[in-house]
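Accompanying notes for the structure given below.
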Number of protein chains: 4
Amino acid sequence: MAGNSFGDVFRITTFGESHGKAIGVIIDGCPPNIAVDESFIQSELDKRRPGQSKITTQRKESDTASILSGVFEGKTTGTPLAMLIPNEDQRSKDYTHIKDKYRPSHADYTYQMKYGIRDYRGGGRSSARETAARVAAGAVAKSFLAQYGIRIFAHVSGVGKIEAPNLPSHDIDELVQMRESNIVRCADPATANEMVSFIDSIRKAGDTVGGRISAIIQHVPVGLGEPVFDKLHADLAKAMMGINAVHGFEYGSGFAGSEMRGSEHNDIFVNPDRDAAKLKTLTNFSGGIQGGISNGMEIAFRVAFKPVATLMRAQQTINESGEETEITGKGRHDPCVVPRAVIIVEAMAALVITDHLLKNQIYATK
Amino acid sequence: MAGNSFGDVFRITTFGESHGKAIGVIIDGCPPNIAVDESFIQSELDKRRPGQSKITTQRKESDTASILSGVFEGKTTGTPLAMLIPNEDQRSKDYTHIKDKYRPSHADYTYQMKYGIRDYRGGGRSSARETAARVAAGAVAKSFLAQYGIRIFAHVSGVGKIEAPNLPSHDIDELVQMRESNIVRCADPATANEMVSFIDSIRKAGDTVGGRISAIIQHVPVGLGEPVFDKLHADLAKAMMGINAVHGFEYGSGFAGSEMRGSEHNDIFVNPDRDAAKLKTLTNFSGGIQGGISNGMEIAFRVAFKPVATLMRAQQTINESGEETEITGKGRHDPCVVPRAVIIVEAMAALVITDHLLKNQIYATK
Amino acid sequence: MAGNSFGDVFRITTFGESHGKAIGVIIDGCPPNIAVDESFIQSELDKRRPGQSKITTQRKESDTASILSGVFEGKTTGTPLAMLIPNEDQRSKDYTHIKDKYRPSHADYTYQMKYGIRDYRGGGRSSARETAARVAAGAVAKSFLAQYGIRIFAHVSGVGKIEAPNLPSHDIDELVQMRESNIVRCADPATANEMVSFIDSIRKAGDTVGGRISAIIQHVPVGLGEPVFDKLHADLAKAMMGINAVHGFEYGSGFAGSEMRGSEHNDIFVNPDRDAAKLKTLTNFSGGIQGGISNGMEIAFRVAFKPVATLMRAQQTINESGEETEITGKGRHDPCVVPRAVIIVEAMAALVITDHLLKNQIYATK
Amino acid sequence: MAGNSFGDVFRITTFGESHGKAIGVIIDGCPPNIAVDESFIQSELDKRRPGQSKITTQRKESDTASILSGVFEGKTTGTPLAMLIPNEDQRSKDYTHIKDKYRPSHADYTYQMKYGIRDYRGGGRSSARETAARVAAGAVAKSFLAQYGIRIFAHVSGVGKIEAPNLPSHDIDELVQMRESNIVRCADPATANEMVSFIDSIRKAGDTVGGRISAIIQHVPVGLGEPVFDKLHADLAKAMMGINAVHGFEYGSGFAGSEMRGSEHNDIFVNPDRDAAKLKTLTNFSGGIQGGISNGMEIAFRVAFKPVATLMRAQQTINESGEETEITGKGRHDPCVVPRAVIIVEAMAALVITDHLLKNQIYATK
């Protein structure tokens, strides 16, 4: 109801504010006997962590997750798995200047109107800091999916008007290596260079810029997704639109597909494996999902992020009393959110696929 | 879990197959004392009804909804409101040719793999016929929203590569009139003509084409939406992506916004009404939603529909035994789905807003 | 939220008022490929049907359920299974005398206060007529459970101060035969005679009486139940307390067990089958459930029903204007609800076990 | 799904094992602007805390809850309120003797069968230690209910065959004072003495005993409860049956009511306040709930607890290999659970009433 939970079966609930004591997450419905590797969880958190490069915020947070419950002798027990990430570098003073001002295109005004109270420090609950909890939970989900050979890859495919070419490979290990070779997390090195320079110039100008993340999911079995409201792509859409700053989602052929004709767009079935339960399609405009259900092909989607709202420039705004005032970003902020958001996109995708995989065990024919 | 329900508070559950006895819907959580006008429900269904023009399928269904419960002396009672729409023109014979063949880019293969059984007649549950139930429920939601002055408008803003200009007005009565003046349901008459001609030519070629629907929602109060996973736009996205054939969703500045800089994109607050609880923004790249919560501005979003998969042409495919075969569309199908989908988009939007409006009554400060 | 649904995975939603057009139910989450036998559903409904004997209400309803969706060629398809039971004998005139009066110990006053409107005819939604929908859904659940060998038996174990001895057998076929040999549905024929005479005398006096139903569930596999809030017995309790007129629930040793010592009450494990996964216990004070999870022993519970509130006698009451008035039951009512409630108890138990059985498929170790 | 959450609107999720790092709870859906008094939360935890008297377990836990999120400057913000209670006195060695043995009437066997793994230390998740998290959440719920004047009182009304007389007062302050004057928490001092002596003798014998808790809830407004499956008493029943060791629940006239006639049992409406919206009833066999909805009278219910299963005596049992063995309780255990469970019953009742109160704001007529 209050919307701090995600998933039906593998269900996470996050808590915490940007400048409170801690943030964290409970996973309820995690299957038992999954090996949990804390160093893997940490390596995922490190990809989202602030202060990792010159093009991200300089806030210093080690983002160390400790597991409080649900794991016994290195394995999940089927009971709630709680993880805690303490807040360390809470320069709350940086935020007294916004105590009674509404930052443009932020959630200050809407929170104040909805709740009549808000923790203004660093955006409180509306801060993207909350997504660290999602990344920790996503790491557990990825460990579970690994048992099924399911792998997820996301990278920065666009920054401002710069657009990366199609993925240079469909080998995820290769793709990860290429992506992690640069600080903007684009799998195409040449484009990555261009993006880094552009973001850096934007940052120096005290401005920010939007971007796009593209993702693929491989080896998803046929049959995931509930075909009416809880279509697999509908849940992916909700998951992605729930990430801070996201303004758009498309899968398969997406918006471009809406310009096509059926005769171009239809994905023709073929049976290269001579197995009636493992059909392939010649093209993949369906993005691996037909009628809301995975068809065994690679799932592909794309997410659009608006530019970060906090500028290191003066902007006109209104205060809580309704009067005109001016505001300039202090604190430590990202000039472009997509390099750190790549891992959040992967985490949310892992949560969706895990949830549907478990859900499908109920209905799958035997 | 099985995903035939939508909404938390104003919760609908639909049932029914394309060629079964009936389709229908239960609304659970409908507030009491709402006047229900059956003729309004019918007028909404008529906009989705097949056979309404030369550019839609010629299947004949009167789509008459009867209310079975939950209404007493013309008003809702707070108990479940069930509506039934019998299926009439079920030329199931039209479908025996697909009994054991998988139509390309349809849900035949995925349903068969997921459930091990499927009602192949007309696509069974995967048929867009199910959306009539949503339209009926959406009509009740619209009646509820009308009490708050909230209004929703959708129209066809794109067919293939044809794109309508920006909305000619923000007066919804005017817009509806313009939209209903043409069979493609585009509020811009010149573009509408172009679209109709194009769809007609596509139809004659036995082909189909995709399109786009744009929607606005006016007079939504500030405060709707739960700010983390159940952001107002995340629920709108899920609602829209759950409509058959939808491949993309964006709100506010959308994908285009991801190319912009923060200094262009930020919506500056102003206070024209001298009321600190009724701020406005100079621009509306936020699409009426900030931090997942409505900010009182017009909500705006756009939805992409892929081309209809059933072609009146021979296509290569695979049958249930895994063998190559050929298939040609029989039955009666739409060359382009968007003219009839306009009302489905409105219905789903009405359901989302109603659900969040009711939900917000719980937490709203007093 | 509005509480007309039950179950998480095998989820039913009922609708309908006592004197509306119809009542019905949607099962969402019914696994595919279950054979559905409409005559079995009907035979279950016949056990709840009014007018079946001199000790039940004389309202005439054939209670014929028709399946509208979710079944194809005799088998479930995994899509929502909707069933409709039209109302036939709606002597609504019988109820005009209660239009503005609150019947004592009925739901008239609370519905009016909660909703500000009520369908007063026959109690509207608060009528036990709604339970026919549950029985129809329960019949489908029983068909599913039969595949696992799971069987449920309930009978009338008490009427007023009359109490049946312990069950004469644990063979369910035998028990059903004994129970169905008498109109009060008590498996002990001697007690049954006593009960029938007593109820008949109560009926002639225009009065009513309460009673108790005891139930057992056999061959439930080890592991059903979620151990914290959704304990198997907690869900059974909720299911039973949700039946009209129920005031008490106990399982295993129940209230009597709270008077015992641990040394008497503990169920000692034994291993007669030499199978560490199929332990038994020497006694069964645990009622087949330990820590909220089934342990493989017979599940046993008991339910208390208050006397029917409608009397064929004058009673003092208050009307909607707050004035004193008098009321006398008209219409057709049961002098004792338990003979017809036996099948409702079984249906609700079947729904709980089915839901947990499916749920357990998700988490069960492999 | 996995059942570690309770409530729809005011929704708690608990985590933690008896001998893990910590236990805790997230409240999601807590309304904003509620003053949170940490000393009140602590005083509630102290009533459940182990080691508080000679008739409770001697485990030493300060049970100090710290609030991690959701409270800003002493008030709730509408965001998730997380509380953490570290485990301190974890003498896990006390439990190595049960590592591979199934304690009789415990959850060891069922957890092992369900999950294939269990944290055997102190019962892990099945330990009643988890209920501390419920008490902390219940304290927040009580603070919320206090704003509406709603108050809850529970006390020990029975231990073994000892039964307290009816409540000596209906003034809750007086009742609390009487209850807290003795270590068994019975509001009748004479009976309390008898209970304490009896429990002490049981303890010395290495045995345990069951008991009963009775509760009342005052000043609940008319209209709480959803009338079909989510009846107010059905949710109370589920809440109570979800407490460790509970085997029975009854409300109002309960099991005794099932022996009565309608003419005795019906609660006659009267209107002493000359207000048609504030009727009273002469008797209260309905226990304050009619048709599943509160009627404004005092809500009354009773809960039965089985004897604690851990005995300080040798008992025969079976180990994980299926072999016969013997077990004797070590560790620190309660001879009777009810004195400490009083506050858990109150907490769960507070959660149910809060959830329904919030839920009712949605549907209440205006």
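Every residue, even glycine, has its Cβ placed from backbone N, Cα and C.
According to TrEMBL, the NADP(+) binding site annotation covers B:Arg48, B:Lys54. Around the Cβ of B:Lys54 (NADP(+) binding site), the same chain contributes B:Ile183, B:Asp200, B:Arg203, each under 8 angstroms and 6 or more positions distant in sequence.
The FMN binding site annotation in TrEMBL covers B:Arg125, B:Ser126, B:Ser127, B:Asn244, B:Ala245, B:Gly291, B:Lys306, B:Pro307, B:Val308, B:Ala309, B:Thr310, B:Arg332. Its Cβ taken as reference, B:Arg125 (FMN binding site) is surrounded by 30 other Cβ atoms within 10 Å in the chains shown.
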Mapped onto three states, the DSSP assignment of B:Arg48 (NADP(+) binding site) reads helix
One residue among the binding-site residues B:Ala245, B:Val308 has the fewest other C-beta atoms within 10 A of its C-beta, namely B:Ala245
Across all protein chains shown, the binding-site residues B:Ser127, B:Thr310 give the max Cβ-within-10 Å count at B:Thr310
Lowest 10 Å Cβ neighbour count of the binding-site residues B:Arg48, B:Lys306 is held by B:Arg48
Expected list for binding-site residues B:Arg48, B:Arg125, B:Ser127, B:Ala245 against chain A, Cβ threshold under 8 Å, sequence order, is B:Arg125
Those binding-site residues out of B:Arg125, B:Ser127, B:Ala245, B:Lys306, B:Val308, B:Thr310 that pass a Cβ cut-off of under 8 Å to chain C are B:Arg125
The rounded CA-CA distance in Å from B:Val308 (FMN binding site) to B:Arg48 (NADP(+) binding site) is 16
Cα of B:Ser127 (FMN binding site) to Cα of B:Arg48 (NADP(+) binding site), in Å and rounded, measures 14
One of the binding-site residues B:Arg125, B:Ala245, B:Lys306, B:Thr310 has its Cα closest to the Cα of B:Arg48 (NADP(+) binding site), namely B:Ala245
